[in-house]
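A short write-up of the structure that comes next.
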């Protein structure tokens, strides 16, 4: 009789994943809170819709810098210490957002948040996946990423109402809490055993991901990540504004985004099990194709029908964003240990610029067709391209060619 999967994980491995997961919970909370109060900030600071969209996504500009730096440092000095520093950085950036007095100050603060959150992802994802048994790494990947959804749900439940009573500035001060987590990680969490075993081997330089034999695989992993962010971030970032602009009140928006967060949370964990069962690539394609069932009617339903919108949102996030839980494992398979932090941090976060470009593109298109239709168009386009890339296993074929050379 086969041993249950959870019995194959020892206490240090559980503690490693839990500490990385907590960091990602606060990451999701700190990063997503601005999207729930962006309409309040917009009115208070007197900024335009396109400026508000850019503020909401400026953290993506910082992500390749933060991810590359922290990833490279994690390859050199260890996953755990650099994860601690990354958590500290995004917490400080969030807290400083509360004292911003204009568009430019807020943009700088969000840039700092982007540096920290991208670094946290680079360190935490390699740390979590490396710490678990090979046959359970899709689950480790999914459990880790589910933390972002938990943080998002908490933000959706707390921040809108808190901001209405105490102001949007005080909302950002809550984002300083993760600093306390750093102290616990320093005391309790173990280092990645896989990194410890590999740390005395030759190290790669910062430019190694852009040189043979890694260049081609870096480029295709970048394209996959760019399309993934393009497929799910327009709805994540702009849906609250879409609902608010159509007269939906704050309580209903908070409820709907909580439902969306629950969809992402359960979908992330579900596809972690599916990934270990049928493989990461097949799980990707199944999730994306299924997402069209829920996406197609979403923006053509009356905003007054909140129950049906909630159902579609849950299903869309379960599928379209649920597969994001497999990304750390997906990247893990294409980079060696000595380059994994850098590869994850730099290439994944370069791809994350899709999360900046797609909402801006959707906002631009909305000037012609309305925000609902533009969100639909952009999401379908990026999802279709992602299905083609992963469905035909383009990354796997390129990887085999690069290894063979």
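In case you wondered, yes, glycine gets a Cβ from its N, Cα and C as well.
Membrane topology per Swiss-Prot: residue 46 and residue 162 share a side, carrying the same topological domain name. Taken together, the residues of the topological domain 'Cytoplasmic' (329-344) have an average pLDDT of 88. The stretches the transmembrane segment (103-123) and the transmembrane segment (251-271) are not in mutual contact, being linked by fewer than three Cβ pairs under 8 Å (pairs 6 or more apart in sequence).
Across the topological domain 'Cytoplasmic' (272-282), DSSP helix (H, G, I), strand (E, B) and coil residues number 10 helix, 0 strand, 1 coil.
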